[in-house]
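Okay, structure first, notes after.
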Amino acid sequence: MEQKLADKIKKINEEHLKMTDKQSRIIEVAIEEFSQNGFASTSTSQIAKKAGVAEGTIFKHYKNKKNLLLSIVTPTMTKLVAPFVMDGFDTVFDQEYKTFGDFLRAILKNRFEFMKDNLSILKIFMQEISFHPELQESYKEYIAQPLFKRLEDTITHFQEKGEIKELPVHTVIRFTVSTVMGLLFSRHIVSTDASWDDKSEIEMTVNLIVNGLSPES
């Protein structure tokens with residue numbers, strides 16, 4: 001597991017969750033196994049063996065495998081991922097940018113670092129969100145809604161400056177976010193073994209969005 005993520009989970013545990021050493025170890029191993037093999041393909045016996053505990057110990061703390069998954073993702077969403085995502089974004093949004101392109105570069109560089117530091121838990125979340133309504137609700141409440149408001153204000157600002165064509169703000173956000181997420185997903189999930197020039201890819205993505213949304217296009 002990424003050391004930064006392991007350290008954050010340890011801090012969350014100490015401050016909020018108060019797990020035993022065995023629970024902490026189960027959570028760490030479950031994150032590794034779920035992110036590498038997927039939820040459906042990971043058995044509790046695998047987790048128990050790698051964590052060095054009896055399988056019964058897992059069921060002592062968690063009713064079933066789904067409960068174990070949610071115990072990982074929901075607290076991590078509320079105590080780690082959501083605040084961390086929004087703190088990172090707040091750092092970007094609180095700066096002033098001369099152009100929409102400058103704003104996009106800052107967002108992409110920020111998210112590249114975030115993905116690298118938190119890949120295991122993000123892989124679990126992306127793999128499982130379609131199958132678990134609880135995760136969908138956590139995502140909407142703690143990430144999507146706060147983030148949308150910040151993006152809405154930013155897009156409106158650059159539309160008023162004449163840098164973005166007069167399209168519905170929702171449409172601009174959807175196009176921008178889907179393009180950014182496409183790059184991040186390809187870079188960190190799909191094509192991790194490919195030869196990447198991150199700086200070049202970021203610049204091409206910024207140009208694609210800026211040119212596509214320019215009033216002159």
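Backbone N, Cα and C define each Cβ position, glycine as well.
TrEMBL does not curate its annotations; it predicts them automatically.
Copied over from TrEMBL:
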DNA_BIND  43-62  DNA-binding region
DOMAIN    20-80  domain 'HTH tetR-type'
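DSSP places the residues of the domain 'HTH tetR-type' (20-80) in helix, strand and coil in these numbers: 48 helix, 0 strand, 13 coil.
Mean pLDDT, taken over the DNA-binding region (43-62), works out to 84 on the 0 to 100 scale.
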